[in-house]
């Protein structure tokens, strides 16, 4: 969220209205009457949401019928696009803003390295921190694209509708996301790393039994014996691994990337369009964080997959509109007279 | 030059709060959560009070300047009262949460004490209050402009920064004293905290004659620091011990 806000505030490209819009939102918002604008934004939001719903259903169907290659290919291509093309545009705009001279060769080397390391980290193996950093960067890039190309009322409507959709998709018995999570749990597989941000690292891979005995990791057997006495069995056995993989929440919290994108989009939109500037952005930030805390609390209570969007987005939207319209004039007046509360 | 003003005022206003955050709160996730929730509660109180102010303004004559100023003062006073109410509400919530934390921990002891929560909650209130007062002013201080071109005070930025720092620390101390008063069921303490908050806020109505608002605010801050220190268990002995330990450590190493 911090990356998105920083970019919005400094790089004007993302707040300029070029007049271009995504093909998903064909209706324009610079219309004559308020009614027409409302209607257009509703239609835009409806089209966007139906695209998202259709894509989700396709993904779930592909997963259910084990078309892993198609899914992997799709995720591969989309992360390729994000890591190379969008970051190229982003870098270009940042250089333009700060008037930095750059030649194409250096840029090509930078983008190539960035992209390839990103693909490896996300789709294969990599240090956890690096993987987290890359996932954050692509979420921020996606959010920036949305902020630039979605007209204003459409984006607020999309945020509202998508949190309702998230609620339905995860909690209803026939919801696509719930089916996805349950199928993944049944087959005891982790959900694709390109879609999920995980906070902890313990990925217990099933190592072949022959290797374990040689690798003592540098610990002397006496020390290991003593630790095992005090703490219990250190090496993971088949039973403990199966047990651990069945515990959803104990081994670190996982958050979908879509959630990141929409949180960032809300905060970015708040900083781009609010006339109260930083106060509104700050209020939305805190509101989203509190929504996330509440969601995690509910996760700890219910111990099953929960939608992360509704509570945060609701708080965020409420606080955005309330702060922009109510708090901003109040604080402006107080600052004018230098009153402190 | 504007950049210098920006950094100077930013560090004056947020330096102590940032230091407190980095050294005492950043490493413990539970404290971070309590901090953010405290900020959220302050924000809620501000929202409600600005709603009331907004309604009052809309219902009144916008041309009448003195009426508008009076309404603003009323709004500020109402906001102070509401902040203290929300502080009490946050205290109740934290007590419940503390019991829950103690129940799910292994030795039936909560990982965080009420005094620590009081400190973190007060800091949360303070940081949010300071941020909302200061951030827009800071971002304006970067841009091109002339201070006080219409005859207002030259010292707008720096006095704002000092006042913000005072308010942030004051909120922290008020948090500690308030929670302590609630724990020991001393209602006069709560009334005193509310009264002091009203006093400091009221003193700021004297701006731009800064002699009336800044020094008394700092005096009250020092007094509150002492009160908070003594009410959370410190004493002259522990203070001297800190000094002695430092001296001992230097001598023996």
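A Cβ is built for glycine as well, from the same backbone N, Cα and C atoms used for every other residue.
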Original post:
transmembrane segment per TrEMBL sits at which of A:9-27, A:104-122?
Top reply: A:104-122
Original post:
Residues sitting near the transmembrane segment (A:74-92): Cβ under 8 Å, six or more positions beyond its termini, same chain?
Top reply: 7, 59, 107, 110-111, 114-115, 118-119, 122-123, 134, 137-138, 141-142, 144-145, 192, 194-195
Original post:
Near the transmembrane segment (A:282-302), which residues from the same chain, at least 6 beyond its ends, have a CB less than 8 A from one of its CBs?
Top reply: 1, 5, 249, 253, 263, 266-267, 270, 308, 311-316, 318-320, 322-323, 327
